[in-house]
Amino acid sequence: MAHNSKFIPEPRTVAIVGCPFSGGQPKLGVDQGPIHLVEAGLIGQLEELGWKVKFDGHHQFEEINAAADPPIGILKNPRLVSRVTEAVAKAVGAHAAQGELPLTLGGDHSLAMGTISGTLMKYSDACVVWIDAHADINTVETTGSGNIHGMPVSFLLGIGSKVEEFSWVKPLLKADRLVYIGLRDIDAGEKKILRDNNIKAFSMHEVDKYGIGKVVDMALDHVNPNRDRPIHLSFDVDALDPTVAPSTGTPVRGGLTFREGHYICEAISETGLLVALDIMEVNPSLADPASVQQTVAVGCSLARSALGETLL
Ligand SMILES: NC(=[NH2+])NCCC[C@H](N)C(=O)O
Ligand SMILES: [Mn+2]
Ligand SMILES: [Mn+2]
């Protein structure tokens, strides 16, 4: 393996947390993302890189019963999303506690409420690098869609009015420990939240202006100036241009190239500080079979780059 890992002890173990879950948004099929990623050979690919891979099947969220789950305000499936993400927080937290690196496969991005909560249980000083076309920082007050995959960051930061159902989410993430790369579709209410909370974000405008190398340096300088804090990387594949990752629920043109996306993962791997990784929003039921295969392959290769695959 190419890089030293400062927080993950030998033998370096990655724990796959497969999350077939779509309740944070309305499009069916995103729950099949993790199954496709594993079937594409992800586990063997990570073993090839020298990781010990733990995977004992995808989580079975069907056991989580939220049959009566009427909207709270306009939030859709609130009880289901709350219970599933709480279970994910426990699973990710338990892997992290054992010194393993949890790789969570989505599923929609509401899951990050769980994954980041889990990371912060073990590493209270962790920072979050969020790669996305969207900021996913709507609050109860600002969400227009009621889709909770557009809201997890506000819950983690503790901004917006509280929803009793989500009281398990502790606002442990500080605004200066969060940085975005790839943004290009931000709701008006979200823009105000980013400004009011001084949240650092590198949109596609900054990627164009400075180039991805400089953007990643600046992003890490902001959240991790001494390069000593654990990093949680949450990667929504819709950060990539739709020509690169077409099979996703909310594609937005003008996104990261294949190389820009992989460069981010490679640069974070080089720091040796990665402690958790999310690959989110792969939806194999959207687009034609070739596009699905392409998107799933990109999801796997992003994970490999973040876990140490190098070009040379
Ligand atoms: N994880 C995602 N793909 N999020 C898309 C969010 C879109 C929009 N901002 C919303 O709140 O509904
Ligand atoms: Mn997105
Ligand atoms: Mn997202």
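A Cβ is built for glycine as well, from the same backbone N, Cα and C atoms used for every other residue.
Annotation source TrEMBL lists Mn(2+) binding site at H109, D132, H134, D136, D236, D238.
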Long-range Cβ environment of D236 (Mn(2+) binding site), under 8 Å and at least 6 residues apart: H109, W130, I131, D132, A133, H134, D136, T248, M280, E281
Cβ within 8 Å of the Mn(2+) site centroid (H109, D132, H134, D136, D236, D238 excluded): which residues? W130, A133, A135, H149, G150, A239, T250, M280, E281
Among the binding-site residues listed here, H109, H134, whose Cβ has the fewest other Cβ atoms inside 10 Å? H134
Suppose we draw a 10 Å sphere around the Cβ of D238 (Mn(2+) binding site). How many other Cβ atoms does it contain, all chains included? 29
